[in-house]
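All remarks here apply to the structure that follows.
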Amino acid sequence: MTTMQLDSDGRLRHLLTLEGVPRTTLLQLLDRAGQIRDAAVGRVGKRSVLAGTAVCTLFFEPSTRTRSSFHLAAQRLGADVLNFDASTSSTRKGETARDTLKNLEAMGVRGFVVRHPDDGAVKALAAAAGEGTALINAGDGRSAHPTQGLLDMLTLRQAKGTDFSKLKVVIVGDVKHSRVARSDLHALRTLGAGEIRVCGPASLLPDDGILEGCVVGQDFDAMLEGADALMMLRLQRERMEEGLVPSLEQYHTEYGLTRERLARAGHDAAVLHPGPINRGVEITDEVADGAQSCVLRQVANGVAVRMAVLETLLG
């Protein structure tokens with residue numbers, strides 16, 4: 001079935017969301033990322049899969065990890081990489097994102113990695129793109145961040161094995177506003193995770209059906225019991241300004257991951273965080289830097305995953 005991101009043969013033509021991506025496609029991407037992760041962290045030389053292909057990182061929001069990761073991934077595949085900076089571009093003169101895309105297409109750019117503050121913005125750009133152009137959603141609004149979801153799944157596979165059927169995964173924090181949480185939820189369901197628990201203040205839990213089938217609660221200590229993996233979400237400080245969280249201190253008291261709390265989970269529970277970490281809010285230093293932390297592994301895996309996605313779409 002042809003969709004916005006799948007062609008009539010079920011092959012990816014864009015990566016906009018993990019929702020609706022077939023299990024076989026997810027597994028192929030994860031397997032490929034696993035195969036090339038040594039190259040992704042610099043231990044193998046540059047490849048030429050995308051030699052002569054122009055890729056643009058089209059970011060309308062600030063980013064460090066994601067943008068750098070995509071840049072390295074495209075570079076290591078041999079692509080010509082163009083970094084678009086909205087703060088110095090014609091968008092400041094009123095040019096639309098669509099016109100920016102079409103002008104860059106006219107220059108021969110074939111791949112676009114897009115981050116945008118608005119929900120659905122990347123999907124709208126994909127609809128405007130010409131034949132043979134591929135778009136990758138690097139995060140739009142609160143909708144989706146598919147490559148973050150993929151790198152989280154790769155990290156879980158490395159820490160816990162490829163069979164997710166018995167995994168108990170806890171997602172903690174501001175799920176309501178998190179595009180990472182939505183992508184993780186879609187991926188975990190598709191890969192058959194045994195139990196998905198979602199925990200956070202009532203004001204930060206969504207009510208739009210995304211949590212269907214999850215175990216939902218506000219008691220973090222209870223949710224930790226026997227957990228195999230913890231996905232800690234960044235608390236945006238504007239949530240406190242909006243009155244959704246009384247204070248950072250109270251949030252940490254109720255939902256911060258400390259060494260003592262971590263002991264309630266499985267003895268080898270993996271700790272993930274998409275970054276940037278608010279140390280002392282979501283996670284203490286000793287947990288973030290401890291033996292069970294997978295945070296830097298996530299960062300390294302991000303390059304491998306993005307190489308696999310770029311290779312699949314443009315190779």
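The count begins at 1 with the first shown residue.
Even glycines carry a Cβ here, placed using N, Cα and C.
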Among Arg37, Arg47, Arg115, Arg297, which residue does Swiss-Prot annotate as binding carbamoyl phosphate together with Arg65, Thr66, His145, Gln148, Gly275, Pro276? Arg115
Tally every other Cβ atom lying within 10 Å of the Cβ atom of Pro276 (carbamoyl phosphate binding site). 9
Fewest other Cβ within 10 angstroms of its own Cβ, chosen from the binding-site residues Arg115, Arg234: Arg234
Lowest 10 Å Cβ neighbour count of the binding-site residues His145, Arg179 is held by Arg179
In sequence order, which residues at least six apart in the same chain have a CB under 8 Å from the CB of Arg65 (carbamoyl phosphate binding site)? Gly275, Pro276, Val299, Gly302
